Structure formats: C-alpha cells, structure tokens
Amino acid sequence: MATLFIADLHLCVEEPAITAGFLRFLAGEARKADALYILGDLFEAWIGDDEPNPLHRQMAAAIKAVSDSGVPCYFIHGNRDFLLGKRFARESGMTLLPEEKVLELYGRRVLIMHGDTLCTDDAGYQAFRAKVHKPWLQMLFLALPLFVRKRIAARMRANSKEANSSKSLAIMDVNQNAVVSAMEKHQVQWLIHGHTHRPAVHELIANQQPAFRVVLGAWHTEGSMVKVTADDVELIHFPF
C-alpha cells in the first residue's frame, strides 16, 4: 500500500481539463491508497465555504466518495485557499491539519506543509501572509457580502500577479536555512511540500544527517504526486 500526496491543482472553472484529471485520479489511484494528503492550493481561490460554486460542490462530493471508500483524506491550507473552512471539510470528508504536520510513515518521520512559509526571502509576501492570517481579519472578511469578497479577491490576485512579475525566481523559491530549520525543529529527515511549482527531490544535511526535500509539481499540463511506500518515496508525474 501507499500514502499519496498532491498539491497545487489550482482548480477553477476556467481549467476543466485539470478538474477532469483530478476526478479520474480520485476515482482511480486515490482509492488504492492508505491515505490521501492534499497540501494546499487545491483551488485557485477561496472566498468562503458559503460561496455557491458548483465546482466546489462537485469536488466535495468526489473527495467524500474517496473518504467513504475507506481512504482517509487530509488537507493543509495553501496560500490560495487558506480560508477553506470546517464546513467544506465536513462536506468533503477531509480532516484539516495544521500548517506543519509530522507523520510516521512506514518507519520514516515525514514533515509535510504547503511550503510558502519556507520562502522567507520574499519579505513582501511574508508580510502579506502574516496580515491575512490574522483571525480577526479573516472573520471580518468572511462577514462581508459575497459580491464584495469576490471583488476584493480579484483585486488581490491582480496585485499578486503584478508583484510576482517583478520578483526573481530565487526570491520566490524556498530559503535553504528555513528548510533546515524546519526539519531540525521537527527532527525529521524527510520534508514534502508544494507551493513553488518546482518539482524535484533535493538532498541536504539536517540534524547532521542526510535528508531529503521532495517538492510536488503543480497540475498544469500533467498530474503530480508523491507516493510513499515502505520501500520508497517517489515523485511521479502522470497524464490527465
């Protein structure tokens, strides 16, 4: 058996091929797993569990079917869907996890996260992240009418796109010191995350031992998952 990890699908109505590919994944590979972990940015945007978006209901039902089949499903928030709440989690049968979680998998201690907190060189983003994760600000935003939330979210996405266009690729990648610090804090030799859209398996030293950082790819033109078994940790790409 295997435990599966995915991230950065950025589901939206404008990308039906990705949605169709994810539905096939849920109906196939996911049903064979010991567990499924979604490490953030499942959706391109999330302005509240109360948004009457048919895509959200469709995805909730599909994930719930996996959960009901006996495969536990877990979710860590990303930078796009950090407002996804308990209502959607309940509807989809997912368990919400903290932003950093250590798993014991087949004899390995594995740290999982979305990955945006590792990009500490991007001071502008980290300041923005700290602001929008304030509970009182989230409560205020979610209390606004839906049409107002949609306008604010659209403006924020436009501002983010403009800001990122002038940033170097290095700044938007993880900081190696932040990676080592996180792994040593949790005493792990394995880290799995998404966010950067730069799929790879990196070797490093943490806790004075060889360690590995596995980065999930985004679901742009193909699917991406990490498959952890008793024998191996594989980064796998597959067609929709």
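Backbone N, Cα and C define each Cβ position, glycine as well.
The model shown is predicted, which means the values in this text are computed figures rather than measured ones.
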ASP41, HIS114, HIS195 bind Mn(2+) 2 per Swiss-Prot; candidate in ASN79, ASN164 listed for that same site: ASN79
According to Swiss-Prot, which candidate in ASP34, ASP122 joins ASN79, ARG80, SER160, ASN164, LYS167, HIS195 at the substrate site: ASP122
Additional site residue, HIS193, HIS197, HIS202 [criterion: listed by Swiss-Prot with ASP8, HIS10, ASP41 for Mn(2+) 1]: HIS197
Cβ-centroid neighbourhood (8 Å) of the Mn(2+) 2 site, ASP41, ASN79, HIS114, HIS195 excluded: ALA7, ASP8, LEU39, GLY40, HIS77, GLY78, ARG80, GLY115, ASP116, GLY194
By Cα-Cα distance, the member of binding-site residues HIS10, ASP41, HIS114 nearest ARG80 (substrate binding site): ASP41
Site with most surrounding Cβ atoms, counting all protein chains shown within 10 Å, from the binding-site residues ASN79, SER160, ASN164: ASN79
Shortest C-alpha distance to HIS114 (Mn(2+) 2 binding site) - which of the binding-site residues ASP122, SER160, ASN164, HIS197: HIS197
Candidates ASP8, ASP41, ASP122: member of the binding-site residues with the richest Cβ shell (10 Å): ASP41
